[in-house]
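Participant: So that we are looking at the same thing, I have put the structure below in structure tokens.
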Ligand code: AMP
Ligand code: MG
């Protein structure tokens, strides 16, 4: 512990204090609709550097700048393309981050040395109040130690960052549970760099042509993702996590066999299952992540369950695949990373 961390409910007085800390170059973690963010003044290079130190984040992994008003864009970007205007009209405030050409006001310490800047306007009332109180331009990556699952509750933030930041605001559990969709609008045709709640279809419905970064579609280490952060190992629990794919019956049979083999060797085995199929597993520690019928519930609980398994002393975890129509792309992107792309075909 190198500094004292204030941990408190996100009430009016706490938000006022958070604003003061941010204006003085300090670090405040706060809830957003996606995951908890670790905020610092985005226009102050030294403040941004403290985020990297607290998270243990690689310095080439740029930060997203959070704003609350469209007018604020003028100071930090050089140009707002037509497609960006339409996407902002449709999805801001909300879980969508856009990449623009940056203005000289944004330090390279915030953009990881890039000439572009990522910007998001969150909808969460606490996030908005903190950004305003802190001066209007708050860099806020996920409030976890780099590599661990992103925090979806204040207690997750405390696990990773107690003693490393000035303040943690508790605003309860987040709604979405996965980080924002990142769309590069600094190029002629918008490209998704990270899938999220705002899906490809939703973006196409607004601007027509949208493509997906090739690195997201293929499991090929040779293709460099356009979002620098996407190349890093992420979210991995301590136990060895593997995804088991196939029909519901075949997956259950295979996982039950793996549980039996593990138990014979005296191991504790974890299972991540949907509500609809959890009853099929025997002998393992089974966590129900959410319902396939309402896949937002899977997104909401995935990171929390990965963290929970770290406290349960399991040595192997087997997860069902969740290729659901709505959020399947975003969920599987995070789950595949957490599993180091290990997939068993049942
Ligand atoms: P986090 O805030 O922890 O969800 O991480 C931010 C993500 O945004 C990382 O994957 C970054 O690589 C990505 N990102 C931020 N700025 C840029 C940028 N200018 N160009 C491309 N990706 C970016
Ligand atoms: Mg992150």
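Glycine is no exception: its Cβ is also placed from the backbone N, Cα and C atoms.
Small disclaimer: the values here were computed from a predicted structure and weren't measured.
Pulled from TrEMBL, these are the listed features:
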type    : residues                   : note
BINDING : 34, 66, 120, 140, 142, 180 : L-threonine binding site
BINDING : 57, 61, 116, 150, 194, 235 : ATP binding site
DOMAIN  : 12-198                     : domain 'YrdC-like'
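Neighbours and distances for these, please.
Facilitator: The DSSP secondary structure for residue 142 (L-threonine binding site) is strand. Note on residue 142 (L-threonine binding site): other Cβ atoms within 10 Å of its Cβ, all shown chains, come to 28.
Proximity of residue 150 (ATP binding site) to non-local residues of its own chain (separation of 6 or more, Cβ distance below 8 Å) is seen for 35, 36, 142, 143, 144, 178, 179, 235, 303, given in sequence order. Secondary structure at residue 150 (ATP binding site), as computed by DSSP, is coil.
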Participant: Where the criterion is a Cβ under 6 Å from an atom of ligand 1, which of the binding-site residues 61, 116, 142, 180 meet it?
Facilitator: 61, 116, 142
Participant: Can you tell me which of these binding-site residues sit near ligand 2, meaning the Cβ is under 6 Å from at least one of its atoms: 34, 61, 120, 194, 235?
Facilitator: none
Participant: Please tell me which one of the binding-site residues listed here (57, 116, 194) sits closest to residue 66 (L-threonine binding site), measuring Cα to Cα?
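Facilitator: Nearest by Cα distance to residue 66 (L-threonine binding site): 116.
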Participant: Around the L-threonine site recorded as 34, 66, 120, 140, 142, 180, what other same-chain residues have a C-beta within 8 angstroms of the site's C-beta center?
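Facilitator: Neighbours within 8 Å of the Cβ centroid, excluding 34, 66, 120, 140, 142, 180: 32, 35, 37, 64, 95, 97, 122, 141, 179.
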